[in-house]
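**Student:** The domain 'Aldehyde dehydrogenase' annotation in TrEMBL covers 8-454. What TrEMBL records for 220, 266 is active site.
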Ligand code: NAD
C-alpha cells in the first residue's frame, strides 16, 4: 500500500463504510439514469485526464509496455464506458413478457432493478481494467460500489484510490486499499453481490464469506487455457500458404501469451497441444517470430512486462526447474532475478504430471505437448478443470464445429487468442473451476441487476374457478386451461365429462 487513502482505512472501519454506502443506496440516488450516466462520464474523464499517470503506475508495478497499458487497459475501459453510455437507456427499459391463459387478462414485464451495494475485489495483473470494468457495470445497473484493488500492484491501487476519491461521487463509490486483513474485514460485511477476480483458492474464501449472508457472487477465476494447433490443414495449401498459416498462428499465439503482460493474463495461452509431426515446425516458427519481436536478448526488451514480484518469480522458477521439466526447454529459459525478468520460454513434451502441466502457469513459460492426432486433445483438455479460454488453430470446418461442441471453457476463439475479451457483445466469465457468472457490456448490467418479474392485472374477470369450495367441475376446467385444450375448456364449462 502506498497512498494516504490506504493508511486511512482501518479494518474496523469496514462496517462503517458498508453502512454509509447502504444509506446512500437507500436514498435512491444511484437509481436515476442521470446519476448513472454522470458517473460513467466521470470515469471517461478520469481515463482522458490521467492516461499518463496510469501508464506510469503500470510501469512501476509491472514494467508494462506503454502500448499494452494503453490498448489492454485504458482503451478497453474507454470502449466499455462508451458502449455502456450508448446503450444504457435501452437496457433500463422494462422488457415486455408474454402472459398465459392462466392469468388472462394481464400483462407482464421484467424490470431490472439494482441489487444494492456491490463489493468488487480485483487482481493485480490488469489493475485498472479489472477494477474499473466491473465498477462500470455496477454503476450502470444503479448500485453503490466498494472497490478493493490488489495490494500486489501498489502504484495502481494507490492511483485508483486517489482518482476515484477525487472525481467520483464518494457517497456511493468508494475505494478501499488493503491486503488480506482489510479484504477479510470487508468480506465480513453484508453486500448485495461480491465480484471477485483472482485465483480459485481465494475464490473459495470469498464464496464462504458470501454464503454467511446469502450474498450472490461473480467469480472471475483462471485456469489452464489450452491452444490446439492443427496440422492437417496445411495439406490442401501450396507451400507458401502453409508458411503463411503457421506465421499467422505463431504471431497470434505470441500476442496472446507474451504480448499480454508477459503471460500474466488469465486468458493467455497456458499450453499448446499439437501433433508430433507439426511440433518442430511450430517451435521453429515461434523461435523465429519471438526473436523478431523481442530481439536476441529478450531480458533487455522494453516490450515485455516483468514478473510482478519475487514470490511469483520464485513460483515460476519452481515450475521451470522441476527435475523432469528443466531438460525440456527448447527456447529461452534465461532469467534475471534482480530485475524480475524471465525470457519467453518454450518447452517441448513435458510430462503431463509435472507441476507446469498441473498448475496454472500465469507467466512467460509455454509448454507444448504432442499427440498423434489433433482430436486426442479433447480428452486431454476435458480431463482437467474447465479452462477460462480454449483456442484452436485450423481451417478444417469439421474440427472447428467439433471443438466448439466438445470443449467446455469460459470462451473459445478459433484462429486467434484472447481477442474475445474485446468483443463487448459477448459475456466474459468462466465455467466450473474457472469461475461463475459473466460480465462485460450488457452482461455486466445484468450481472449487477435483479430481474424482477412483474405482473399487472385489473379488477375485472375475477374467475371463481380458482377459489374454494374446490369442486370436480372447477378442477376439470383448470386442467383444461393448463392443458390449453379449447375443447376441454368448453366441456368443463358445460359440465360434460
Ligand atoms: P491477487 O493476488 O491480486 O488477489 C486477488 C485479490 O484477492 C486481491 O485483491 C487480494 O487482496 C485478495 N486476496 C488475496 N488473498 C486473500 C485472502 N486470503 N482473503 C481475502 N482476499 C484475498 O491476484 P491473484 O489471485 O494472484 O490473480 C491471479 C489469478 O487470477 C490467476 O488464477 C488468474 O487466472 C486469475 N485472474 C482471472 C481473471 C478473470 O477475469 N477471470 C483476471 C485476472 C486474473
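Keep in mind that glycine also has a Cβ here, set from the backbone N, Cα and C atoms.
In TrEMBL, annotation is done automatically, which means it is predicted and not curated.
Please situate the listed features within the shown structure.
**Tutor:** Mean pLDDT across the domain 'Aldehyde dehydrogenase' (8-454) comes to 96 in this model.
When secondary structure is read from DSSP and collapsed to three states, residue 220 (active site) falls in the strand class. Spatially close to residue 220 (active site) yet at least six residues away along the chain are 130, 195, 196, 197, 198, 266, 428, 429, 430, 435, 437, 439, judged by Cβ distances under 8 angstroms.
DSSP gives residue 266 (active site) a coil state; it is part of no helix or strand.
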